[in-house]
Structure formats: structure tokens, C-alpha cells
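Peer 1: This is the structure, below, for whatever I ask next.
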């Protein structure tokens, strides 16, 4: 990595039992904290000092008492650890039979022992230097009080790393660089004299910035740091760590804290650099939380997002975020505890319950008049004056799990409306063209990626994208898009209501805009309890999956740009009183419909649906590098299409254009801007 906090004194221990101790560390970590080490050995230099080795031994021990092992709900009192040779890269096949060592939960009084090899996988270029990166991450998820202690040793024999009491002396050729959480999340820009693009990340419930969002941060920096100066976005990634352990305080409170943090961070950075652009990335509850932060800023500092004098909004990205709440998707036995405060104010917010006598700071502008029904925090978020800010983002993107996410199901993560009809017809075309070349992703006709590439058309002349050739896993994934012999209409009514209109269509008939009478199998709904338990029980990627990208079957199955004119007419508006009395969920559905339409009636959204293995809610952000690697496809897509070289080239071109006062452009103009210049890998390969 290009930055380091400390270059530790290199040392050598001569041990009476035989062997040489090269590293002996002892540290403590709280919730949301980690240490990253880069251990390097110059083989030629240490050979001159009598150390001729082809491998070394690493030992990490959780020094906490074994009595803490059963206390999982208040902990867990464990560490996640991985050891990556210098040449390991998720994008490339890792050669040979060497394993990538990691442990998902190093429990109290347990030891993690690894034999690290000085070979081509760890060799730095053509030099005699060999290097490894070691991440040691606290797994604490709830309480902020404990500090977990670990010991970390590297030596030339197993005995010396197990127990060593010898004499140290300095040695050349061995180095250990160390980064703590604060330093990793406070890296400076590559070009201090150039304008800075600030990326703000926001975590979800029982989560944290320092550890859980680290993989996405790493990937954004790995993508942008090597870019040529002419197009380099000069990224700085930051995240507010003050909400750790406070998930129940409510969306308003959490968002206000993030909003204040953003203002303070920008003001602080502007003393050294010039913050020119800003992007937001939120996971799970982080989506509504960052939305509240944007609202707070738009009210407290109306000029903050000014296109000329302020910071330009670029990306607004959410991954598995409950925009319209979860009350319609959670079973009754879980909804009641949320109403009663099982997750504090946050649970009530997500269950669309109003809590009086709470702060209204940053919710309303003094000169605004709001509808009487706008009392739910999730409904207030996209309203004026924040709406103008959300509309001004260059890109607004939603990532949602199609299946296996009972925490934030597809319906709320995708803002209610999807083009089910297009997905169904694409599947039919895929079956007819089994022998045609296929792409690695599904790309819809309206995807920002599809410009400049041809794609097949259906019988109505509407362009559709392609889905990859079928495999057993993909068949299970997409079985819900296939025509079925028998299915009851009542089971798919909510999908009919969520079906978007075709572009330039005047149809307002629900049945007509859905599947033209064809039978439809909706996606299987995940069980909320099982989804929560999957954090503990979900399968972990094997070594073949970790080392070989070709075997990974998790994929993007839908990627489309949704325009406001595609929204169907509101279903729950002006309904007869009798229906309001008959249907128990009428009120909830009406509120959720209002929220979804408020977000989409004036804004274009890119909706990306991914199919990844359980536990998909954590996998979608790769919460832990190897445990949650199934979500690699989502993170890769997000980074490539929002921070990739082509996108950065466009931003660089925009920055070089004359900066005149912006006129009042239409939403259609903003939508066209969103489409410009993005080409997906799937579209490039389409035939």
C-alpha cells in the first residue's frame, strides 16, 4: 500500500530452543477496529546474516479468556484474520496449490497458525523481496466497551513462535509496516494540489465503518490510485464512526450525526485541499441514514451542493437499503417487537411508525409547508428541499439482492417498481438463443452500459439485454422468470402493481403492462429469521472460489436505467373506503407507494439486481474479504461503473469545461447526462 503509519524497528531474537523470531506484537482492538500489517523480507539480505529460509511461520492468538466463547450476542469476542501474498488479486487466477490463509472467527484462547512461503506468489517483481498483507479485524458487533487482545508472531520455526524468551538484536532485510483503523480511514489524496473527490460511506445496523466497509474502500482506492493524473479523480474515502453501537437511535438521529460529520470533514479538508466533488455509498440502514444526512445538509447549508460555489454531487449509491421500510416484508411476529422498540427508534422508523416528542432538527426548512401525512421519517427524506439535491446527483444507483436477503428484501431495496416483464421476455429470448455468444452479465436495453452496442429485440420492437448461458446455479436463480403451468393470480398482484410501464407507452392497464396474460413465477421470498441466522451458518467460499474467478457463479442479472415516465399510475390513490376497510395492509401499502413514487417521479434511477449466495445481505458489500467474497461481483460492478477509468475520464472532461452559471435544465437533460459514456462489459460482448 502507498501509505504507512509506522516502520517498526526490525529485530532478531536468538532463541535457545532454535529458530529466529522476526516479529513479536501484542495489540488490543475495540468494535470497528483493525490492524493491517505489511510484512516484508529481503531474502538476499537476511541470507547474508545467516538466515537462509524458504518459508516462515506465523502465529496469531486470541488472548481473551476461553470463558467468553459462549457470549456471542454481546460479542462475538473473536477476530477475523487473513494473510494475502503480494501477488494475490481477486480479479486474477492464483496459480499453484498454495492456499490463501484466513479464519472467519478466531475465538478466545484459540490460535491461528500459518506457514507462509517465500515463492513467486509472494515475490515483489523480479527482486529478492517477499511480502504479505495481514488483516486482523475485531468481530465485536454490539457493545463498544470491550477491548480484545491478540498476540502476533512470525519466526523461522514453529517452536520459536509458540514460546520465545531470548535476546533481541537489530537485523536488516526484515520490515513490518502497520496501519491502524484511524490511519487507514484518513489517507491523503494522491495529488494534494488537485481538486479532491470525497467519498462518504455509511454502515448499517449492528455494523461499523472501520471493518465492514473496508473492502469497498480498498477496491475504490485500488481502482483510482494507479490512474493517470489527467483523469485521476483524486479520491479520499471517509466514514463516520460515531454511530457504532448506536443503531437503535433512529434514522433521524443517525443521519444528523452523519450530516454534521460531512460538513466538518469538508471544512477540515478544505484547509489543506479543495473538495470539489462528493459521493455517498450506504449499505442497508446506511441508505436512509445518508439520505437523512443529505437532507440535513440541504437545510442547514443550502449552498453546500451548489454546482458552482459548492461541492458537486456525483454518486448516490445504496446497497440493500430499506427505502420504503420493512413492515410489508417482515412477518407479524417480528413486526410487533419492532413496534415495541426492539431496535429502538430505528425499528419503529423501518416499521413506518411515528414516534412523537423527538427532535425535528434538520427535518424541515422554516419556509416549507409539508403535507399532513408526511410524518414518517422515510417519507420525509426525499421531500423538498432535499429533493433538488438528490436530483442533482450525476448518478443514482440501487443495488439489491434478488433472493436470499430476508433482512432487506428486493421490494424495499429496489424502491418497489421493477420491469418484471422485460426480465421475463429476456429469459424467453435466452432460451431461443442457447448457442449464441453471451455476456458475463445481464444488461437491459435502458442500462447506462448499453450505448454503442447492439442487443436483441422482442416482438414489440423493444430492445432487451442478454443473460449468460445457463448453468445449474443460474437455473435455480432465474426459475422465477420462466412461464409456469399453474399459478394463482393473488400471489403476483404485488408484482403487477410494481411493474413499470414500457418507455413511450400510454397504457395504464395493470394486466396489459405486466405479462400479457402469461404465467409468472415470482422470486422466492427469503425467510427473515433464516437470513439472520445465515450470518452464523452460511457456507464460506472454498479455496477454488477464492483463487479462480472463472468458477464464480454469482452475478448481476439485471441492470437497467429507470425513468420517471415508466412509473405506472398510483394504485392506492383514491381507493374506495370499503377496500380500505377490507384489506388490512391497505394503509401500509399506500404509504410505501407514496415513498417509492416520491423518490422516482422526478429522478432517474439505475437499478442493479444481483444474485449472490447466502448470507447475501452481508455479502453484497463483502463485509469480510474472504468470508463474504460471494458479493465480489456487486462490489466490482459498483467500483467499475462509478469510479472506473471511463467514468473518471468523463468527470475530467466536465471539469475542463467552462464553468458558467447553470441554467434550469429539465430532468430529462439530467437523465441524458446519466447515460453518457458508460459501456458495460456485457454490452461490449453482446452479439
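Positions of Cβ are set from backbone N, Cα and C atoms, glycine also.
What you are looking at is a predicted structure, and each value in this text was computed from that prediction instead of being measured.
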Peer 1: Of the ranges 341-384, 385-428, 429-472, 517-560, which one does Swiss-Prot flag as region 'Disordered'?
Peer 2: 429-472
Peer 1: Please identify the range among 491-513, 583-605, 606-628 that Swiss-Prot labels region 'Disordered'.
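Peer 2: Feature region 'Disordered' in Swiss-Prot: residues 491-513.
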Peer 1: Below 8 Å Cβ to Cβ and six or more residues apart, same chain only. Which residues does that give for residue 284 (active site, charge relay system)?
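Peer 2: Expected: 203, 204, 205, 207, 319, 320, 321, 322, 407, 408, 617.
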